[in-house]
Amino acid sequence: MSGRGEPTMKTIIVGIDGSHAAITAALWGVDEAISRAVPLRLVSVIKPTHPSPDDYDRDLAHAERSLREAQSAVEAAGKLVKIETDIPRGPAGPVLVEASRDAEMICVGSVGIGRYASSILGSTATELAEKAHCPVAVMRSKVDQPASDINWIVVRMTDAPDNEAVLEYAAREAKLRQAPILALGGRPEELREIPDGEFERRVQDWHHRHPDVRVYPITTHTGIARFLADHDERVQLAVIGGGEAGQLARLVGPSGHPVFRHAECSVLVVRR
């Protein structure tokens, strides 16, 4: 155990609850950990109290089984990453928010399956998106879908104070995932025929900083959620700022919900 005065190496934390989405989050977190040369820490939170020893045993057994399954999936990917596991006790949201103080990023699945895996989107993921002390990735579970040659990362250029950090994270993910970026921004729709010099300048400056990232600017005044609802582009990840965390449900959406056409869009909330 590290001494009080020794610095603690930050990790990529993944919330594990036994769901397919959590496995997806763990696999997604592997490249994040490797790229930063830090461990991948798989965390399965159990209840703070139990009405009986049998209930505790069931809860602990589920957590241990979930961690084994997640670790096996990560190891099967064949990538060299140090794996750590932990089973803390407490409400999942507050426990993971506190753990995020010592994390480079925290990754969670957006849906749960079964008795123990609750619907994370409505509780834990939302709490993390609003309160975590590091970026938060909310991952959709993968399903069989037609192959696509392009799997975009989408981000919006705004005048928000944290937008530059959001753009830098989008560029980092584009390099890591070898994906092109759709950059939304510019004038309102009714003025889209008029060139927006500021938007064009920011895109050009961004490209100069990251010449190896393919950036495709889209002039639109709509937000990411509305843009995705109106277009058919296949998007693997939307990158948003902490102040945009209220969009999370619209971007990720409940599984199979007819209103959310882009229910397979994962989200990275850039919190600092």
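FYI, residue positions are counted from 1 along the chain as it appears here.
Positions of Cβ are set from backbone N, Cα and C atoms, glycine also.
What Swiss-Prot says about this one:
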BINDING   Gly15, Gly109, Ser110, Val111, Gly112, Ile113, Gly114, Arg115, Ser123, Thr124  ATP binding site
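According to its DSSP assignment, Gly15 (ATP binding site) is in a strand.
Cβ neighbour counts within 10 Å, taken over all protein chains shown, single out Ser110 as the most crowded of the binding-site residues Gly15, Ser110.
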